[in-house]
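Asker: Please see the structure below; I have some questions.
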Amino acid sequence: MPVEMMPMEEKVEVESDEEIPFSASATGKKVHPFDSEGNSIASHVDMSKSWILKRIQMGPLRSIYIVLIKAKINMLLPFGPLAILLHYLTGKHGLVFLLSMLGITPLAERLGYVTEQLAFYTGPTVGGLLNATFGNATEMIISIYALKSGMIRVVQQSLLGSILSNMLLVLGCAFFSGGIANHQKVQVFNKAAALVNSGLLLMAVMGIMFPAVLHFTHTEVHFGKSELALSRFSSCIMLIAYGSYLFFQLKSQPNLYSPVDEGGVNDLEDSGDEEAPEITQWETIGWLAILTLWISILSGYLVDAIQGASDSLNMPVAFISVILLPIVGNAAEHASAIMFAMKDKLDITIGVAIGSSTQISMFVIPFCVVVGWCMGQPMDLNFQLFETATLFISVLVVAFMLQEGTSNYFKGFMLILCYLIVAASFFVHVDLDKDDN
């Protein structure tokens, strides 16, 4: 009996041992191959989707989307072609002027964005210089077109308005927004760099003031000629001073312009939040050329419509030149300065706002005098007594605001109020010819 039971037990054990692996493998064959097949199909779809997205992201379509479609301000782009169309179909200069302003505004902002993208490839110092240079490209293009038309006062007033807008409105809005966003702490910036820019602004005021004082005191040796000769000589000196400033900033004393350190933890956090460029280097260069060309085309129509807009809108030409035109040209600086101030990067904000004012006063204005000299236009530094006094007082106010090296929302609010006073003053200001003074 035990001998006969042994094979039965072994048989049962063998059968049970064979059934368990078989059933397990059977269930595995029923489920696992189906899952692997589904996963392979899903992974294949994901790979194809990622390949398509990568092709779009790396191609020119992504560049067009980022530059011309992504930003909300690009909704104003159609106003540019519409202004050109109305220029030839109607004689309404006021409408053409307003539409040209609306059309140039997104172009100026996009020009600043593309310049910031180029700064990723050139470094922060050169990038800041490029940002200020191309940020002022709109003013330079408008000024050259106005010089060709002999509208010297429009050139002087638009450049003066750009300085006042950057110093008072752009810096004021940046300080105010940054102070509200970072109300729990005191915002600081590099005081040494700000004082150097303030000194350059005062030097520019000196160069602009002396021809005006010489004219209004009637102490010229040769009436009408000494003032122009002094302006051209002072412009060459100012260009030399600005070139020396660039050498001082980039080569001689680069450590002077390093941002203020606020602690190792914050620095580590900032380094981890570094942004990456969204378009390639050659795409940025191409977009710089396209945007600059389009701005130059619209600037011609804008300048041609200024006088007609003054008559139809019942606004003084001085108000249009000093207040309205610079707001369009400073769209890029305005947006970037506020953004950096809210991120507590005031050194970049000071570089954008005050650095742009310094570049206009020490480079763009003297450059326009030299260009007018080559064109045979009597462009000089006599900005009239009212405009010169406004610039002098504004530079003093900003210099006192920057001397502490700190910022808060109240300082920004005061700068905004100062700009409103300046705007109201030019709204009731009648520009007289030099011969009438």
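Heads up, the Cβ atoms here are built off N, Cα and C, so glycines get one too.
Since the structure is predicted, the reported quantities are computational estimates derived from the model, not experimental observations.
Residues or ranges marked as transmembrane segment by TrEMBL: 64-89, 128-147, 159-180, 192-217, 229-248, 285-303, 315-342, 348-373, 385-403, 409-430. Per TrEMBL, domain 'Sodium/calcium exchanger membrane region' is recorded for 95-250, 285-426.
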Asker: Is the transmembrane segment (64-89) in contact with the transmembrane segment (348-373), using three or more Cβ pairs under 8 angstroms as the rule and ignoring pairs under 6 apart in sequence?
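Answerer: No, the transmembrane segment (348-373) does not contact the transmembrane segment (64-89).
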Asker: Go through the chain and flag residues at least 6 beyond the ends of the transmembrane segment (64-89) whose CB is under 8 A from any CB in it; none is fine as an answer.
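Answerer: Residues packing against the transmembrane segment (64-89) from afar: 95-96, 99-100, 102-107, 109-110, 113-114, 278-279, 287, 294, 297-298, 301, 304-305, 331.
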Asker: Within the domain 'Sodium/calcium exchanger membrane region' (285-426), how many residues are helix, strand or coil going by DSSP?
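Answerer: Across the domain 'Sodium/calcium exchanger membrane region' (285-426), DSSP assigns the residues as follows: 120 helix, 2 strand, 20 coil.
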Asker: Do we see three or more Cβ pairs under 8 Å linking the transmembrane segment (159-180) and the transmembrane segment (385-403), pairs being at least 6 apart in sequence?
Answerer: yes
Asker: With Cβ distances under 8 Å as the criterion, find the stretch in 285-303, 315-342, 385-403, 409-430 that has the most pairs with the transmembrane segment (192-217).
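Answerer: Per the Cβ count, the answer is 385-403.
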